[in-house]
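What Swiss-Prot lists as topological domain 'Cytoplasmic' is 1-749, 795-872. Residues annotated as domain 'GB1/RHD3-type G' in Swiss-Prot: 49-294. Positions annotated as GTP binding site by Swiss-Prot, on the basis of sequence analysis: Gly59, Ser60, Gln61, Ser62, Thr63, Gly64, Lys65, Ser66. The coiled coil annotation in Swiss-Prot covers 482-504. The region 'Disordered' annotation in Swiss-Prot covers 676-704, 849-872. Annotated compositional bias 'Acidic residues' per Swiss-Prot: 690-704, in sequence order. The transmembrane segment annotation in Swiss-Prot covers 750-770, 774-794.
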Amino acid sequence: MVANGHFAGVGDVLDAKNYEHGVQVIDEEKEFNPNLSNYLSYENVTPAGFNYHLISVFGSQSTGKSTLLNSLFGTHFSVMSETERRQTTKGIWLSKNKRLKSDKGQDNQTKMADNILVMDVEGTDGRERGEDQDFERKSALFALATSEVLIVNIWEHQVGLYQGANMGLLKTVFEVNLELFLKDKRSNPRSLLFFVIRDFLGTTPLQNLQNTLLQDLNRIWNSLSKPAGLENSSITDYFDFAFAGLPHKNFQPEKFVDEVRKLSTRFCDGHRDPNKTDAKGTSSIEGGIFLPEYHRRIPADGFAVYAEGIWDQIVNNKDLDLPTQQELLAQFRCDEISREVLVAFDEAISPFEAKQAEAVQAGNPQVLGGLGSAMCNARMKSVKNFDTEASRYHKRVYQMKKSELQDKIDSRLKALFLGQLSAAHRSGIQEFTESVTAAVKAGQKRGASYDFAEIVTKERKLAIEKFEKEARAAVVEDTQWSNYQQELSLYQKDLENIGGQLRRDEMRRLATRVGRWVRSRLGESIDLEFNAIGSGRGGSGAPEFGDKPSEKSLWDRVWTLFVDTVLDAERRFTERASSFDASIDEVDVGLWRLRRKSWGVLRAKIEEEMMEGNILLKLRENFEDKFRYDDAGVPRIWRPNDDIESIYTRARESTLTLIPLLSRFRLAETNAPPPLDKWIGHTPSSATPADEEDLTPIGGVDEDEGKSLEEEMTMIGEAKKQDLTVRFKKTADGVYVEAKRSAIGGITQVPLYFYGLLLALGWNEIVAVLRNPAYFLLLFVCAVTAYVTYQLNLWGPIIKMTEAASQQALMEGKRRLREFLEASDTGLQAMAMSEGRNAEEYDMSNMKNRKSAGGFQNNRSHIDDADDDDDF
């Protein structure tokens, strides 16, 4: 599109060539240029905020409006050729002031205001549009809605005329101003009508021309049809007026330039002097012509959007509502600023969100270092940047959008904050558990007593301090969600629960250690008691200290020993549990479990002693001690005249009485089972299912077990008793037969004639010995030695020593024989053949031994596993 006859509309390229003549805001086809914002950015107006001013110029076509602007503001609007009369400016053009300062020739030179934007509006009354006044009205409405100052360019000789003085255009301006004011009831926007009278000769004073124009303007205002409530309004309620005269540009060029320079000094910030008022009480303007009340309060970065919205309403013949447009602009710009702010916010926060999400996905939340400061800085910068850019817009919309932005930011920061607290919570619990466990193990390794409650209290304090430190570091000031007291309370509660669980675990380990001690003590003591059953001897065969205990009081001794051992264990448990800060209920549960577990240990030990092989062996030993030894504990040497049958019967019957005695756990004093149910006691009210799940049911104590106390105390059933009786009798019968044979063998082994034959054949030797003093003395010494050895019961040790010496001599002889054979080839061959046969025999025997040993090991492993599984 060719504009103004010689240059095209501005594109997207930001360069001086495209913007030499400014930017065409609206073309002659009433299309708005979307590149207005690019031009404002190019001219560095966008960051100015409210520090900019907008001036529009009105006037008839070909009256020198563009020439005036170019001279006054240094712009380069296209001007009409001197050789032809035609339309030059089409649509509405905009350019930034290029003349920053007035000429320096004056002493009171005044700097022009920054960022003055000048709009060159298409002239009125042109032949190109003819009677079509639609664009004239729309452009006037657009200029009035956006501009602070409206420059009316007229010639001096047109003052007093209606069309020539643009009174028709001004009537349009007044009408659209009333439309705007009718919509905007919250404020009273004012504008400045600045009449620049061209070709001013000075013949008619400027004041007279001013009065004429004001009279015409008041007449036009009074002729307007005003909305309800504004019938008595005055033109000065909405407009201020200023006047200036300029000489002819061609006939008085030097004076024209000088007056333009003077006029430019008025385009700066001014103020009203309350001490100087006119007849209507309006304060006079001092300084420049730009008053704050003229400004439309549209930030520079939103002007392009605002202007486009205004023009869209105008061109579509919709009622122009400036407050609504300002709110729409505020919403648009605040959303745009919010998006820009969130981009920078994302760059600062997204890495932390990614790290946190990755750690959570991996199942190992981590406390992120520097998160708190990063969140504070990101939030502060985001809100500050938003305030800087958006606070210039509509206050209500700005506050609403700021609240929305803060909600978006805070929702993400809150998620990070809670994730940080969750990670600190989890890591703190883990570190607390590990620290307490490590401290307990260290105390156990040192072998010294340690105070578990003190360890838990110390580590809990450190854990809470660390959590609070990490929580404070993640706090974002001035946010409600940064209060971490609820999370801290939950963390403290979890620490209490974990501490309680660790205390319960430690008490279980304590109970296990005490239980092992009980197992060891009971194992040794019960072994001694049951081993005493296998010894039926008295006298020299009795125990080393004291008399042989009564077999009838076996269970009394076992029960007393059991109760004393467990009482000692309870004392140890209670003393150690006091350092755990355990409650009375927890100690009661621990003692109750200890008693039940201890009974299980005793029951298992008794069952082990009552195994068929063990009990049968003890019965045989008891019988043999009573049968083979006399009341003094001396072994019996059976002779044919001994009453073996009666001795056998007494010993057998005495031993048989042990079977019913051992079959039931009964106290001799009461002839009743021990009070196990009262001794164990009722289940504590504080006991949990977890405390009971690993306990073995006890008859007479647990009602759900279905067994009575009598059944619980039955150690050998009736069937097993009968089997033991039968097998024991068979064993006793074998011992009796052996004794009987021994007695009979002593008679038949040496016939009587043997002694006569021995005397007859050995008479010479007897006489020789008796006559020879040396032989007689040797015989006497040997006889005395043999007698003494017999009296001291040393024949057995002497025989064993002799056998050991002979075995040692045999082994030494074999070794020397092997050394001799290894020295010759023949011997080596013989040894090789012998070793081959021995290897085969060894393999066969080894397989048998492995089977036998395997069975033993399996039994042993079973017993060991049972011991290891018996925990408290």
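Just so it is clear, glycine is given a Cβ too, placed from its N, Cα and C backbone atoms.
Figure note: comparing Cβ neighbours within 10 Å for the binding-site residues Ser60, Gln61, Ser62, Thr63, Ser66, the maximum is reached by Ser66. In the three-state DSSP classification, Gly59 (GTP binding site) falls within a strand. The helix, strand and coil residue counts that DSSP assigns across the compositional bias 'Acidic residues' (690-704) are 5 helix, 0 strand, 10 coil.
Sequence-distant neighbours of Gly64 (GTP binding site) (same chain, 6+ residues apart, CB-CB distance under 8 A): Val79, Asn153, Arg198, Lys249. Within the set of binding-site residues (Gly59, Lys65), the lowest number of other Cβ atoms found within 10 Å of a Cβ is recorded at Gly59. For the recorded GTP site, residues Gly59, Ser60, Gln61, Ser62, Thr63, Gly64, Lys65, Ser66 set the reference point as the centre of their Cβ atoms, and the other residues of that chain within 8 Å of it by Cβ are Gly123, Asn153. DSSP gives Gly64 (GTP binding site) a coil state; it is part of no helix or strand.
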